[in-house]
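Database features (Swiss-Prot):
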REPEAT    27-64  repeat 'C(6)C(4)C(9)C(6)CC 1'
REPEAT    65-101  repeat 'C(6)C(4)C(9)C(6)CC 2'
REPEAT    102-139  repeat 'C(6)C(4)C(9)C(6)CC 3'
REPEAT    140-177  repeat 'C(6)C(4)C(9)C(6)CC 4'
SIGNAL    1-26  signal peptide
Amino acid sequence: MQMDWLFIAVISGIGLLSSGVPGTQGAYTTEQCRALNGSCNFYACFPKNVIIGKCDWWGWSCCARTPLERCTAKKGTCTKTGCTKTDTDHGPCDGGAQCCQRDPVKYCKFHGNVCGRGKCPMDHIPIGEQCMPGYPCCKRDGPAYCKSKGGKCLRRCSQIVPTDIIGVCADGVPCCKSRQSTG
């Protein structure tokens, strides 16, 4: 008879652990905890994690990374000034800061450059940054671009008569192209 009561008590205890303890309203289900980028752990959280609530099992806590750890895992940095147009916003950090990560494609294009496919286009040169692995960020090479358009880099376009300025080779040096006769 005593073994029957002990058996019932053990089974009841297991049932409480697996189905939630009555009176823990407001506690997270496992799915709710996961939706908050957390996990239900028994009593203690892993290092660098914080308790963000209770799970609906007795003695379990919903643990998640700190905002700084979450940001670092996404290769971002927490900044108080907010994200720029060339950043990807990964959400809030502590103290009103934002988790920002430079988007290499946006950054390359924002500065007037292009992303090459394996290599830069003929009239461009790589600038040492990558849009993504195997895709260099390429800057237009003024002299090569000028030459590809049939022009010449000259300090004074008046050396070619008649002439049009069709671009810039470098600071202060125009790309000059002779006008075609309209005969």
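Note: Cβ is positioned from N, Cα and C throughout, glycine not excepted.
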Arithmetic mean of per-residue pLDDT over the repeat 'C(6)C(4)C(9)C(6)CC 4' (140-177):
82
What residues in the same chain, six or more past the boundaries of the repeat 'C(6)C(4)C(9)C(6)CC 2' (65-101), come closer than 8 Å to it by Cβ-Cβ distance?
37, 48-50, 107, 110
